[in-house]
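J.: This structure is in structure tokens; I'll ask about it shortly.
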Amino acid sequence: MTLDTIPSAASDLHIMDGSRRNSTLICAPVMAESVDQMLVQMGKAKEVGADLVEIRVDFLKNFNPRQDLGALINQSPLPTLVTYRPSWEGGQYKGDDKQRQDALRVAMELGADFIDVELKVADEFYNSIQGKKPEKVKIIVSSHNYEKTPSSEEIGDLVARIQATGADIVKIATTALDITDSARVFQVLVHSQVPMIALVMGEKGLISRVLSAKYGAFLTFGTIEAGVVSAPGQPTVRDLLDLYNFRLIGADTKVHGVIGNPIRHSNCPLLYNAAFKSINFNGIYLPLLVDNVANFIDTYNSPDFAGYSYTIPHKEAGLKCCDEIDPHAKEIGAINCMIRNPADGKLKGYNVDYLGAIAAIEEGLRASNGSSNGSGSPLAGKLFVVMGAGAAGTALAYGGKQKGARVVVANRTYDKAKALANKVGGEAITLAELETFHPEDGMVLANATPVGMEPRIDQTPLSKNALKNYSLVFDAIYTPTWTRLLQEAQECGAAVAFGTEMFLNQAFVQVEKFSGSPAPKHLIRDVLARNT
């Protein structure tokens, strides 16, 4: 099942103004043990930009339905959705279900805008009200699957069952075992003839929460505070609005993202979404937690899925999914950027890692030598030691060769180091041998391993004692900016070059490739500086 059958609207990729481009609401769940605490949270929900609040009364202690709901509904600064979720549907309530349904009827009577009724008891509930429902109140009939996302056929049957109850709004929530699970939900959502909420829970389902606006969902959920969620994988309201530019997402918005695993640490969405908004480009950029690249590419194959960045560990796998490959990327054997040709849908892969990394190292060498940009590279003739023989290491070794450096590849396994060294006419050693490697002074060291990246920031790929032999040390890691390797290199007297510079340099190139417009370089730098 793929997304190529989803109708894609038209094609002006630039937004002429900052107006809202979808009708999808953002609902903030309110969960607290007292009415007063809930009222405080409601005020915060309005402050952060939510459109309505979900009152999770199953969290209240000593709940008095008429008194408590009266206060919450009447004093809420936003429209209200009342949910009284039982434990058998993932909620907190473990009491008598008749009393629970009585409370929902009270919520309708007191003027709630929406109430949520579980599919399992929907017929029973509708029979109990005998068609007597205030016109203002809309009933959401919901189904939650905390184990998996069913097949497209099963989801379609489920939606039909919910519609048959007489629901004003259909809600389905499933669980993502793979990022491609959201595609099945998008298929149903985009063809729905009734208002629908369709979400896939968990980190691998984030795409469903953000792209709900693209595919016409009635609402999505955003939390008031990070980490305080009513279901797994919920972003904050602020992230939806400020990070993902949720109001600017439309049916014709082009989807981009960074493909990796893990991916939660990535700053790419911050930079690219800010850049897209700045240049009025109608695109969204998402963190894409992908297990199998080929499966992801095959599933999301519509023209609207327009381009991707690639990071660890998928740069080589991305190359295998390309229809065309830039010559530099082919020689390196890995990509970090993929663009879909809008004319024929073919995917072309690029590697701009080496451009960003080598530029950062050259800038660092020039700064440490007090020299300005000359005709030659300051790397020319230098002994350039690259730690790591994966995609990033290959890009660095290739870039060093291009600049006239003498390349040495150090890797945990010698065979992999030797294979890369042979490609660039260099020397190979193991990481263990690197500890005592000192053929000359003034060497340049580049770390292309993930050792020292968040969350394991206390680790380093090379001992401090070995760093005294280098004039400059570069670390491709950019979270954190100051890795332990760079801190210890500076303490040993070496100049340092940051992974953030490599990250910025390649970001500039990718923004231009994705949008077709010049990258707003100062803005991208400012956004990264504020968030590192």
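Using the three backbone atoms N, Cα and C, a Cβ is placed for every residue, glycine included.
As annotated in TrEMBL:
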DOMAIN    258-337  domain 'Shikimate dehydrogenase substrate binding N-terminal'
DOMAIN    379-438  domain 'Quinate/shikimate 5-dehydrogenase/glutamyl-tRNA reductase'
DOMAIN    499-528  domain 'SDH C-terminal'
J.: Mind checking which residues reach the domain 'SDH C-terminal' (499-528)? Cβ under 8 Å, same chain, six or more beyond either end.
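T.: Beyond its ends, the domain 'SDH C-terminal' (499-528) has Cβ neighbours at 13, 256, 267-268, 270-272, 274-276, 278-279, 281, 283, 306-307, 309, 336-337, 339, 350, 352-353, 355-357, 359-360, 363-364, 474-478, 481, 483.
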J.: What are the DSSP helix, strand and coil residue counts for the domain 'Quinate/shikimate 5-dehydrogenase/glutamyl-tRNA reductase' (379-438)?
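T.: Going through the domain 'Quinate/shikimate 5-dehydrogenase/glutamyl-tRNA reductase' (379-438) residue by residue, I get 27 helix, 15 strand, 18 coil.
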J.: Run through the domain 'SDH C-terminal' (499-528) and tell me, per DSSP, how many residues are helix, strand and coil.
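T.: Counts, helix then strand then coil: 25 helix, 0 strand, 5 coil.
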